[in-house]
Structures are given as structure tokens and as C-alpha cells.
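Here's the structure, in C-alpha cells; my notes come after.
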């Protein structure tokens, strides 16, 4: 099967078309802007899979309709999914702009005095606004000399933020969300909304009953040699935690082995269903070998599967991690309980950062007073205003233990292409696998148990769908918190100590839903959330604007908010602008 090519970024150098000295004097400077932009993006950004981003530059500078059409023909043949137009001078606005309505686009107008790059930028953006095709504006804060080929820091920040978000949009388009099962325990996010995926993300939904997973396991529609490798890997690396089940529910060694085997098979088969596996074709299973072209998936599990078969905890945790028996690799995106909306938040985070994502219940708000009452100890430092307990039995990536280290030796979660095998092993060593609690999971299973290291910056997100409004995005930047061991043990024991825990302290800004930690919890729109490494809320905001998803809650500094220029015409309140613009333009792929 032919591999689907990755989207590219097209660079469009536009120029004043007047000959007899004007165009000729600008050719080199204009093309050099395009080359510098391409070099910056190629150096600084990778696709979520780890591949280097490829930029395609128009063959000539673009002065009018003919050269614009020639550029578009080239881009169409090379899978260009995002465009950046660059110029140091005046050009002919609507004659030179990118008119593809579904392709994210930005314009960098050079801030210089010799030629009016800012004037073209304003004219072109006016054309975009009038035609209903929003574009992002890039204009340096400080004037540069005409022969200055450097890219200022503020311009670089906008170029890279736009490129990251634009590539996420282009990478999701044409892919599918694999819904394995249906609605889990009445959770609204697992009522998978096909219109949302199609109209806002440009994706399809592939709905598959959980009996397909059962069929693949029972009929050995998997790589049997790989199963043996996975079992050997688990035997070497899994540490098993306390079995908290009553004696009548404890399994013997043979039963536990069967649960482990089926859990690993679930991981293999869900992966094969998502992306395909050519080994199956070698076994004569050509249809099954193709997969469903899924960039994200969800597994219902509870309760129609878990009342009889091992739960999805092990499979989900391993798939969402950056490593398994095959070594370090790109993490998958698999949502527990088929919560497709949390799965989309995971997908956004992975596409923007290349890292694994932590799926969690937004379980409990602990006030400083409640913590002191229960433990006799006071919260301090990052936790002084209270904490939120993020915990779930299922698909928290093992990277979430934060045993990887950044360039300063601090705990983090790295893009998979930066993770060493030693760091992967450290995450495994920090994880215990605890037998599932029988009352919840009658078919058994193993839940991963780890504790996220403290002081790590995270961004918590969630997508919700509001009837009459559509999808909205919530964002809360903050930090993981390390509690004294005795305090952690007491608080953890009050819920389920066999599950992975992250203690989270959102950054407070003294107003709205970020007045205090309680308000963050009270304003969260659903029972699940996602943690993405770093304070990357600004990237989420830019991505959401491209997709026309308004942001209903965030604590990102206003100076970092980057949306299309047309948003400014939708009122003076920056968040009201977002709602009005998203309503005005409608979903990116509306029909």
C-alpha cells in the first residue's frame, strides 16, 4: 500500500511586478525572504511523526495572476497544506494572495522603510477579509534595514506558531477517528459526532464494533511472532503492584498470564486497526492489513467489554506512550471510554508538540483547608492555593512519570525523536502494573500506576460540544506538583491508589475561571482532560482559530494570543472577537 505523503508548507514570495528596474531590484531580496523562512521552519519544526518538515518555494516571485496560478499548480502537485506569503515591498493585493479557502495561510510583510512591505500586508489582509478567507498577519515590531536578512525574534515566534498549528490542521485533514465500540457509561464525549469531525477537522469517523477486536484476537489476526516479543518484553520490564482485590476475586498465576497476553494483544490489534500492518497481508489477510487510516482512536471498554474481558488500561497506556517492545516510537492517540472529544484534545496536543499525552479524569479539587484537615499538613509553593487530582485507570501515557530529562536536567516529556532508550526504561521502571479492581472490571486487566514528578509545566485542555454553538476549547496552563510522601499517600488512598496520579496546580490570574483553583475545577466542561507538556496554550489558541473553534476558557497571556487578522474586526473584546469570528466564518470544512 502506498504511504500517504506528509503535508508540506508552501512559501510564496510576492513582488512588485513593474519592470524597468523596480521588480529587478527586488528579486533577490524577496526570494531570500522565502529561503530564510523555509530554512527556519525546516530547522525548528518537525512533523508529529518526527519527519523533517519540507517547504516548497514558488519557482518565481509572484507579481500577478499568471505567476500566482503557476505557484498554485506547483503546490497542488506537491501536497502543500499550509502557505506563507512573504514580501519586502508593495505588490498587487488580491492579484497575488493565496485563495484556497481551506488552507491555513499567513503573510509576512517586511518592516522596512525603503519599500512599503507593510502597505502590501495591509492591502492583502483587507482582500482576505473582504473575500471571507482569513489570514494571519506577520509584521516585525522594529524597522529593519533593506539588506538585513535576519528574522527578528517576534517574527520567528509568529512564523513558528503559525507553522505548527497549520501543519496540525493539514495533518488531520483526510484522516479518520477510529471509534471502537459506542457510548461508554453515558459519557457524552463517546457519543461520537460525525459532523464535528467532518466539518471542523476534515476527518471521517470509522465506527467498528468491539466484536471486531474480539475476532482479531480469537482468529489470530495479528503477528504471532510479535506477540511473543511483547510478552518477553513485559516479563523483563513490568513491575507488578499490589492486588487490592478481595481473596475471592484474586486470579492465579495462569489466569494473570492470560490477562497479560490478552492485554498486549489488544494493544497490537488496536494499533493494526488504526494504521494497518503489512505482516497481516503476508498471512493472506489483505483487507485487515490496510487498517482504517486513523490518526486517533477510542475504545469504549466499559462496560460491555470489561464485564467479561480484560479492560483496555494496559493497551491504551502502552499505545499512548512513546515506546513499547519495538523500542522508542511515535505515540498513538487512543482515548479511554471512547471519549472522542478528549481524544481530539490529545490529537491537538500531539500534533503541536510531537509528545505523548496524559489522559485523565479531572477527579477532585483539594482546597488547602481540606488537605490540612485530612493530613495535618499544609500545602505550599505551587500547591499553596489548592490542587486538582488528575487520575484515571486507563490511557495515561507512561511518559507522564516525567523520568525523561531536558537540556537542563529537569523532568519533562520529550518529543519521541529525542527520547533515549534509557529514558524509556526509566519511565517503565517508575510504573507499577496493578490488577484491576474486580468490582469495576470483572474481566480483569492491569492498570498502570505512577506519580508524575513535580514542577513540570503542563497545559490542560478539553474540547466540548455545546448545542446551538458547536465545539469549544478549554485551556489551563499550570504545573505538576510534588507533595510530601505522607500527604500524597493519604490523599491517594482516598480514591484509587492503583491508578496513575498527577497533582496539578493551574496558573491563577485573579479573574473569571482562574480566580482560584476551585473555579478552574468548577468551570471545567467535562469529566476528562488532557495534559500536554509545556505552557503551549498559545499554540492551541492559534490552532483553534484556524479550525473556527472558539476558546471558552484560558489563562494565556494576551500578548501571546495569535489569531487571523480579521478577528480584530469582530469587536474590541478579544474573547468576544473569537466567538463572533468563528460563528461568522463557520467550520473550516463546512459544506
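Along the chain as shown, residues are numbered 1 onward.
Using N, Cα and C of the backbone, Cβ positions are placed for all residues, glycine too.
Marked as Mn(2+) binding site by Swiss-Prot on the basis of sequence analysis: 337, 361, 528. Sequence-distant contacts of residue 337 (Mn(2+) binding site), defined by Cβ-Cβ distance under 8 angstroms and a gap of at least six in the same chain, are 184, 185, 187, 189, 190, 298, 299, 300, 301, 302, 394, 528. Residue 337 (Mn(2+) binding site) falls outside any helix or strand according to DSSP and counts as coil.
Residues annotated as active site, proton acceptor in Swiss-Prot: 337 (among others).
Taking a C-beta cut-off of under 8 Å and a sequence gap of six or more, residue 361 (Mn(2+) binding site) has these contacts in its own chain: 390, 391, 392, 527, 528. Residues or ranges marked as active site, proton acceptor by Swiss-Prot on the basis of sequence analysis: 361 (among others).
Around the Cβ of residue 528 (Mn(2+) binding site), 26 further Cβ atoms fall within 10 Å across all displayed protein chains.
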